[in-house]
Amino acid sequence: MPPSFEEMEARKEKKDNKRKRSASVSEKPAKKAYEPKGKKGKKQAPVVSDEEEMPADLPEVDLEELASAKKALFDDSEEEEEGDEFYDSDEEGREKPIWSDDEDIETLNVANMEALSRKLDEEEELEAEEAEEELVEGAVQPKAIVLPTAEEEEAMEGHPQDVTMTRTRMMEITKVLEDFKTLAEDGKSRTEYVNRLIKDICSYFGYTPFLAEKLFNLFSPSEAMEFFEANEISRPTTIRTNTLHSRRRDLAQTLVNRGVNLQPIGTWTKVGLQIFDSQVPVGATPEYLAGHYILQAASSFLPVMALQPQENERILDMAAAPGGKTTYISAMMKNTGCVFANDANKARTKSLIANIHRLGCRNTIVCNYDAREFPKVIGGFDRVLLDAPCSGTGVIGKDESVKVSRTEKDFIQIPHLQKQLLLSAIDSVDANSATGGIIVYSTCSVAVEENESVVEYALRKRPNVRLVDTGLAIGKEGFTSYRGKHFSPKLSLTRRYYPHTYNVDGFYVAKFKKIASSPHDVSKAGAKEKEHAARSEQDDTIINDDFAEFDADQDKELIQQTVNRNMKKRGVNPNARKADKVIKEEEAPKE
Ligand SMILES: C[S@@+](CC[C@H](N)C(=O)[O-])C[C@H]1O[C@@H](n2cnc3c(N)ncnc32)[C@H](O)[C@@H]1O
């Protein structure tokens, strides 16, 4: 029986450690800086790379949760870290050599003689052990056999998977893929390993093969596994202080007094708080109802921060419902200027209006257009935010239906709409704005088709815009190439966010500056005129009642839809419940 993968790793590690220990007494000290594993040809451990990439003002992720999630799949990652530290201290040892090769043997004193004899003993012992191990293992080191045989594959077909076995195999295949030359079985191709891994990801995490492969291809194999694992955990509950009504410190104190355990999200935001647990429902406290805060994912702060709304500007939020970003824009503008909050979905404008009211945003006009109609409806904005409708591949932790519902067609149709919307966003901005001329595009998707490809398309179609730095302190660079496709090098200015790196929803942010007008910027009315018209129509209220009526029957239907959705998420069939209720009612004694 060839040794198992783990046995091989353990033996290798034991040997390496021994060699290092032996080296510390036998080698001439070469003054070498500490070198992490990644620099020696092997992929750097993800934990290390995270730490390196994270600047000081990162969101304070729930490290325990994240670490335990990582550990669940990569149980040995911590050991690897320890290994590195051990190596580090060995390096220190090397700086105090017992002797060097230059030394004259004649000058050795008794202590040196003792050390020499100890060294020789250790070397002998090591050689003997190695010889014995080689005898056991055979002259040629066997490669780890992690792929199932054809018979095993056949036996597995159509049967429920052993989850422990699947998980172990995923871990082993990932390791092989990270060091293919050394660890792959002779005669097996990379594709064979990848195909088996994708199958295992589908059965273990519940993705369709199509989506599993699409997401897998975004990362290195080990990072992909971290991504899939992070999608199994929900992100921490976060709230945004509404600075129109409160200050973060005051709000935090009030909530703590109510029994909410919280802390600031991180130094990159001055308005965010992370909730650990609470004795009261955070969506129903008096402060919530009074609009002192909004429940909002930390990643949703980012596009607005990139937009940098200024006081007295005119800003368009093209796809605004339910208003998390609109209300943040309004607060950043201190209720001055005007925010046009648009959404194509009439039903969703209700929650948008409700949030605008609750948070006390008085500089907001809600409209209900297909945003592709802009700038024909209104144009000439100082800034436009397009938080585009998307496939939701960044928020699988919140909505796991994405794992099975997204098809190839979605990644053609959705980007098509996003491209049209982005061109409309660009054309709706006033290139001569004294303070702005800015467009921010964001999605809660990690798919390249919805992010870099859309931005690249816009750059091609609208040469009058440039990508600019988002100004965001966190985030990974957008792709400048992907699977043989090359994008503008400027795409590195865009930012990507993942659940496994920042413990936020998967997100994408791109910021453009419009540098010149174009024939496409045709609008029936400018934002300024529209704002004046809307304000004169309604004296006190900025919201026109014609599409914002609250209809009890419609509300009932919407509430039922939400209840059903939540039941489905919990794995309860709402129809079965209904049928059950009907039977029970029928069985109940009639009065
Ligand atoms: C990601 S959500 C927006 C979330 C919102 N920005 C927030 O922070 O609360 C995308 C929105 O786009 C809207 N939408 C979809 N197609 C649209 C279109 N053609 N024009 C305008 N809005 C559209 C959807 O109704 C949905 O509310």
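Using the three backbone atoms N, Cα and C, a Cβ is placed for every residue, glycine included.
Summarising the annotation, TrEMBL assigns region 'Disordered' to 1-105 (among others).
The annotation compositional bias 'Acidic residues' is assigned in TrEMBL to 49-65 (among others).
As annotated by TrEMBL, compositional bias 'Acidic residues' applies to 75-92 (among others).
If you look up TrEMBL, you'll see 227-515 marked as domain 'SAM-dependent MTase RsmB/NOP-type'.
If you take the C-beta of G323 (S-adenosyl-L-methionine binding site) and look for same-chain residues 6 or more apart in sequence within under 8 angstroms, you find A341, S351, L352, I353, N355, I356. According to TrEMBL, the feature S-adenosyl-L-methionine binding site maps to A319, A320, A321, P322, G323, G324, K325, D343, D370, D387.
For 567-591 (among others), the entry in TrEMBL reads region 'Disordered'.
Looking only at the domain 'SAM-dependent MTase RsmB/NOP-type' (227-515), the predicted model's pLDDT averages out at 97. Of all the Cβ atoms in the protein chains shown, 24 others lie within 10 Å of the Cβ of A321 (S-adenosyl-L-methionine binding site).
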